[in-house]
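*Asks:* Take a look at this one; I'll ask things after.
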C-alpha cells in the first residue's frame, strides 16, 4: 500500500450467535457502539461502526447471529445478516474456538452452512477464530485451523481474542488491505450511523439481559416513546417501554417492589448519559404484547422489518 492510497469499504461481520462479533466491533473502534450480553442473538439490527485511520476507513456491519431457529422475527434477522453479506466489500466471519472443543458437530452444523454461503460470494473472506485466549495449550486449536483451511482454501484464517484485543491490530491491518482504494465516506470523528434514540433503546435492552440473564425469555423489546431535549437545559427526558410476551415476564422485569426495573433504569441511565454527554431523566414502563415476535407491523415499528 503506497502513501497515496487510501482505502475505504464495507465489512460484514458474520457468524453464529455469541461468536463475539459485537465485542470485536467495540474493541476495534475503542468505543461501545454495539451492546454485548451473554445471551445468544443479542444483536437484532445491522449495527454500523466506523473505524477511521489515516490510511483507511473501515465500515463494519455487525449482524445478527446466523442460526437455524424458526419464527418470523428470526427469519427477518437472518435476512439482515445475508443482506449485509451481499453488500460488503469484505466478509469477516467470526467463529468461537471454544465451541470446536465443546460441540462435536460445530463445524458441520454451525460453520459449514454459513461458510458455504459465504464461499459463493466473489469477495475477500477472512475467518477470525475468536476466544483463543481461553486456550493455554494453543496446539489444541491447530486441527480447527487445518480443517477450516482445507474446507475453504480461499479464506484467510486468523486467530484473535476480541475481548483481550490479542491479534486485533493485525486483523484490522489485514482487513484494511482487502478494501478497495477509495476516499472516506464519513467524517473521521463519526463512529456510527445509528440514531441516538436507537442506541438508547439498545442500552436499556442490554441492561435487561444483564440483570435477568437466562431467566428473561428472548421475546423482549424496547421502544422509545418520548424524547425531550429542552433548549437551554442540559437535560434529556426519555420515556421507554419494555415489551414482553406474557404477564409472568412483566412481573419478572419489574421485580419485587420494583427493585429489578429500578436497577435496570439506573444502570441504563448512566450509560445513556455517557452516550449523550448530558443529564438524563429516564422512565421505564413494562407492557405485555403477546405474539409480538410474529407481528410484522410491530416489528417494522421497531426497525426490525423493512417497510
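Backbone N, Cα and C define each Cβ position, glycine as well.
Values in this document were obtained by computation on a predicted structure and should not be read as measured data.
Straight from Swiss-Prot, here's the annotation block:
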- 15-22, 62-66, 130-133: GTP binding site (BINDING)
- 7-181: domain 'Era-type G' (DOMAIN)
- 212-290: domain 'KH type-2' (DOMAIN)
- 15-22: region 'G1' (REGION)
- 41-45: region 'G2' (REGION)
- 62-65: region 'G3' (REGION)
- 130-133: region 'G4' (REGION)
*Asks:* Across the whole of the domain 'KH type-2' (212-290), what does the mean pLDDT come to? Round it, please.
*Replies:* 90
*Asks:* Within 10 Å of the Cβ of residue 132 (GTP binding site), how many other Cβ atoms can be counted across all chains shown?
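*Replies:* Other Cβ atoms within 10 Å of residue 132 (GTP binding site): 19.
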*Asks:* Rank the binding-site residues 18, 63 by the number of other Cβ atoms within 10 Å of each Cβ, and give the residue at the low end.
*Replies:* 18
*Asks:* Just to be sure I understand the packing, how many Cβ atoms besides its own are within 10 Å of the Cβ of residue 21 (GTP binding site)?
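*Replies:* 32, counting other Cβ atoms within 10 Å of residue 21 (GTP binding site).
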*Asks:* Using DSSP, tally how many residues of the region 'G1' (15-22) sit in helix, strand and coil.
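*Replies:* Going through the region 'G1' (15-22) residue by residue, I get 2 helix, 0 strand, 6 coil.
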